Structure formats: C-alpha cells, structure tokens
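Copied over from TrEMBL, here are the features:
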| type | residues | note |
| --- | --- | --- |
| DOMAIN | 8-211 | domain 'Galactose-1-phosphate uridyl transferase N-terminal' |
| BINDING | 28-31, A61, 77-78, N188, 194-196, Q203, 348-349, 353-354, Q360 | UDP-alpha-D-glucose binding site |
| BINDING | C52, C55, H121, H199 | Zn(2+) binding site |
| ACT_SITE | H201 | active site, tele-UMP-histidine intermediate |
| BINDING | E217, H316, H333, H335 | Fe cation binding site |
| DOMAIN | 220-374 | domain 'Galactose-1-phosphate uridyl transferase C-terminal' |
Amino acid sequence: MPDEVLNDISHRRYNPLTGSWLLVSPHRTKRPWQGAQETPTKNTLPSYDPKCYLCPGNKRAQGDSNPPYKNTFAFVNDYSAVKETQQDYHPETNKDDVASLLLQARPVTGRCYVLTFSAKHDATLADMTPEEIVPVINTWTRIYASHLSPSHPLNGQAAYVLSTIPENPDGEVTPPKHQLKNMQIFENKGAAMGCSNPHPHCQIWTTSTLPEEPGKELVNMRKYKSDTGRHLLGDYVKLELEKKERLVWENDSFVVVCPWWALWPFEVLIISKRHVRALVDLDDKERLEFAQAVQEVARRYDNLFETNFPYSSGIHQAPLDCTEEEAETSWFHMHFYPPLLRSATVKKFLVGYELMAEPQRDITPEQAAAKLRDCGGELYRKSLQ
C-alpha cells in the first residue's frame, strides 16, 4: 500500500501523463451515507427498434438506409463535428495587433465516423463476449490503418496486419481526401454521458490537428523517454504489477488499473504490457486479449452498482501523421472515465473548487480498485427475471 498516512490525510497526486496534479481527500469517505439501497436495474430495451437510426436496415436521420449488417457497421457521421472541406482560413498574428494575439482561431478539418458494436439494440460491451468484441477492434484497426500518412513509420506493420484481419463488407470507410493528424476513438455510454442513442456504438473523429489531451500525453512521454531512456507507461505497468494495490485485472497482454492519479471515482486504464504503439501492432492473440480487457471493465462496472454503468472511454495511440520518434514514444492505452460515485444515481460532478482550482476526489484509487476486483463473475442482470 502507499504510505499509510496517505489514507488519512489530504494530499495531492501527480499525473505524469498530463503533468497535472489533483487533490485527494480520503478522510471524507468516513462521512455517514444515508442514501437509498437501490434495486438492480433491468435491461428493458428490445433487441431491435424500428425507430432506431443505428439498427440494421433502418433509415438514418439524413435518409440513408443501413445495410442488414450482422456485427459492426461504420459510416460517416450525419452530423459530423468537423468536415473535410470548408472555406480556407489563415489568420496572421501581429504583436502590435491585440485582437490577433488574444482572439486567435485555427481551422480544423477532418472526418467523423460512427461505428456500431453489434446489430442488437439492447447489447452493451458488458453483454458481449470477447469474441463478439474482436470485430469491433478489427474495424478500429482497419480505419486507423487506412488513415495513416504515406510516410508513417507503422505503414509496413499496418499492411501486414490488414492482410490478417477479415474484411468487413458493411462500412463506408475510404482514405481521407487530405492527410489528417490524429484519430480519436471514443465511446459515450449512457444518457449521463450525453449519449443520444442506446444502440451500442462508438465514434471515431479524425482531425487535422493533435488535440489537447493526447498532445499533452505525447509531450510528457517524450520528456520521460528523453530523461530516462525508458517508456513512461512501460515503467508504470511494471510498478503496478509489482505493487498490485491498484491492479484490477490482467492477462498476458494487458493490465487494468485504477491509476495512481485517477480523477473519477472508478476511473481505469487498460495498458498494454509490451510496447505497443498503436492498434496495428496487435496480433490476433493480443486483439482477443484486448477484447477480454474491455469486456472485463464493462462487466465489472455494471456489477459494481448493478446498473447499466455510464462512462466515457477512449484509446490513445500514435498519431496518424508523426515522426518515428513520436511513434516510438507512444504507448497504447485506453481510458475509462465513469461518473458514478456511491450508487447507480449518485454521481461525481466537476464543480466549485474543481473548476476554479484543481480536480479533487474522495475515495482513493486503491479503494476503488479493491471494489472493482470484487465485481468479477457473471454479469448481474443475467440472473434477473
């Protein structure tokens, strides 16, 4: 365990991935809790919804019809956050022009995809088997590979991996019109996370710029590599496997941990044990074991409060257009940020001090990991009538 005194005193923890700090207040978990004991949540969704714009064969918002797909289906978002073509905008800055210094803007282009996980409207990653999740990972890999720059250090590896992955006939994925910088794969699960459709799906945003979060991580991983000659997340995986106090689950290829610096109550990281730069580095066995890790997280989340557990998750990997140094510095990992705190209805909000000063949490990552370790086994709702 960490120094015992940290279980009783307020303290700050450092996040080496982002270079930021957060406040931990473990003594506040001793406050009495008089919240209601809630009934386990049942899944009342149908396996097919004729009004759902993601179900097989249905019409989408813009009038296009989905194919009768069986596993995954990818298409360009009908309401994309960024577009591939738009009016040019190239502003200039001038130190004598206050407006150009303080009111800066830069254009961003790109392409946004929606990817369904399953044809079943009522399925989630927690309900699916690892073997059923593998086609999702295969599609992520194909989309990532198809968007790599011609000079990318992973191009050769990508070509080999694509030759080993079954093609998915159901999808609208083509190379972009212009080279893009980054691909962010993410899932918002549940209405609490702003998800507008319960059909299991994720989004994939490819942009001409490197966003803030992966950008900060890349800077800090490069600095750590430069200072130590080692990989930040490689060292961190070894440390967590040695200490085990924040370890939730592991297999041959991946670890699931509640990170030392976790902000959200039951935040977890899936991290590759070996140096994996991106999805295209994974072989068949590793893709299955990555699917196992994803399913373990989703199922344990649902079992924790016996509810359809909301979260936002996302993959960080080498950018689509990067130098060999940037690719070699990258280390494949997946974040899960869930808001639930004490029950299916009690959530954590970033408010007050956290907005004005810095993030804060009560339950420690060590306590959260212990609770998640105890939530293995069969998905709770399989036993509900």
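Glycine residues also receive a Cβ, built from the backbone N, Cα and C atoms like all the rest.
Predicted, not measured: the structure shown is a model, and the values here were computed from it.
Distribution of TrEMBL features across the structure.
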residue	record	Cβ contacts under 8 Å, 6 or more apart
C52	Zn(2+) binding site	N58, H121, N197, H199
C55	Zn(2+) binding site	Y48, D49, N66, A119, H121, H199
D78	UDP-alpha-D-glucose binding site	R60, A61, Q62, D64
C195	UDP-alpha-D-glucose binding site	N188, K189, P310
H201	active site, tele-UMP-histidine intermediate	L54, V114, L115, T116, F117, E187
E217	Fe cation binding site	L17, T18, H316
K348	UDP-alpha-D-glucose binding site	W264, P265, P339, L340, L341, R361
E354	UDP-alpha-D-glucose binding site	Q360
* **Alpha-carbon spacing, R28 (UDP-alpha-D-glucose binding site) to H335 (Fe cation binding site), which is rounded to whole Å** => 26
* Structure fact -> Within 10 angstroms of the C-beta of H335 (Fe cation binding site), the count of other C-beta atoms across all shown chains comes to 21
* Structure fact -> Surrounding the recorded Fe cation site, with Cβ no more than 8 Å from the Cβ centroid of E217, H316, H333, H335 and those residues left out, we find L17, E213, P214, L269, G314, I315, M334
* With a radius of 8 angstroms around the mean position of the C-beta atoms of C52, C55, H121, H199, what other residues of the same chain does the Zn(2+) site pick up? -> Y48, D49, Y53, L54, N58, N197, P198
* Asked: Within 10 Å of the Cβ of H316 (Fe cation binding site), how many other Cβ atoms can be counted across all chains shown?
  -> 23
